[in-house]
Ligand SMILES: N[C@@H](CCC(=O)N[C@@H](CS)C(=O)NCC(=O)O)C(=O)O
């Protein structure tokens, strides 16, 4: 983590460097063709987790290949367990630096590689899921859900903004704060939003009613990591996810959907955070708990009207 990422004890996320866009009509120079792009992810990373969920929900597995990095990262950045078979890279940094030799930021997942031009197209994580949802529509499986319905976009975007600021990134702001006031501010905002979401989910199965949307895709990765990592490692310990009846049942409901459950790897998640983030866990010891049953019945079918 570089020094400029902290401002008075506050964690500040770096700007995304690669922001080219893939379009259905190819007008950007990157047409949404099947088999052309490769998505690089870590199962540990919540931002990458979103992209895996959406790829699976929409049936884009054949259209977009995936390369998974090792969960443990050292100062050289993400590493592939074996040489990536498509690009030949051992470290993700090779792909960043061959795309832009002057790149000086962190080599982050998720990112998308274009096999035709042989360069990174984007590491702009909020844009990756919506690109899969909109520009890749021609490649969706038959009967794929509409995760980003046009009529709901303003409301979804608004909720996503709150969830990003206070929950998805809020846990990082709490965990990486090096000043008491910065930590407490992030902590208070995080639990205020969780309280709000707990209430919202009392009467609706998903955040926007009976159907899963982009809003659920963005909230879930943080919930999946909450009790296993954020509660202890990031000091987000006012309550556990398991202490919120609706949010906890909602998270298990989503987990029961293969696109969510089968992309959730608690081993990668725990080892990554506790072993890699040595500034806040110098011993690199990985906790054994918590004992959580993600497959317990969630009982939320009753909230669906259909
Ligand atoms: N691209 C964003 C979000 C993605 C992100 O933070 N990914 C993390 C993993 S969760 C990463 O790849 N970090 C690599 C590093 O810090 O070296 C960022 O740069 O902050």
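Cβ atoms here come from the backbone N, Cα and C positions, even for glycine.
Just so you know, TrEMBL annotations never went through curation; they're auto-generated.
The annotation active site, nucleophile is assigned in TrEMBL to 45. If you look up TrEMBL, you'll see 78, 106, 107, 108, 109 marked as glutathione binding site. Residues annotated as domain 'GST C-terminal' in TrEMBL: 149-273. The feature active site, proton donor/acceptor is assigned by TrEMBL to 172. Summarising the annotation, TrEMBL assigns site 'Lowers pKa of active site Cys' to 230, 273.
Checking the recorded positions 106, 172, 230, 273 for a CB within less than 6 Å of any atom of ligand 1 leaves 106, listed in sequence order. Note: the CA-CA distance between residue 273 (site 'Lowers pKa of active site Cys') and the residue listed as 'active site, nucleophile' rounds to 9 Å. The average pLDDT computed for the domain 'GST C-terminal' (149-273) is 98. Counting other Cβ atoms within 10 Å of each Cβ, the lowest count among the recorded positions 107, 172 belongs to 172.
The glutathione site is set by 78, 106, 107, 108, 109; from the centre of their CB atoms, other residues of the chain with a CB within 8 Å are 73, 77, 92, 93, 96, 111, 123.
Note on residue 273 (site 'Lowers pKa of active site Cys'): other Cβ atoms within 10 Å of its Cβ, all shown chains, come to 23. Using a 10 Å radius centred on the Cβ of residue 106 (glutathione binding site) and all shown protein chains, the other Cβ atoms total 18.
Restricting the recorded positions 45, 107, 109 to those with a CA within 10 Å of the CA of the residue listed as 'active site, proton donor/acceptor' leaves an empty set. Within 10 Å of the Cα of the residue listed as 'active site, nucleophile', the following recorded positions from the list 78, 106, 107, 109, 230 place their own Cα: 109.
Annotation note: residue 273 (site 'Lowers pKa of active site Cys') sits in a helical segment as assigned by DSSP. The binding residues for glutathione are recorded as 78, 106, 107, 108, 109; their greatest pairwise CA distance is 10 Å.
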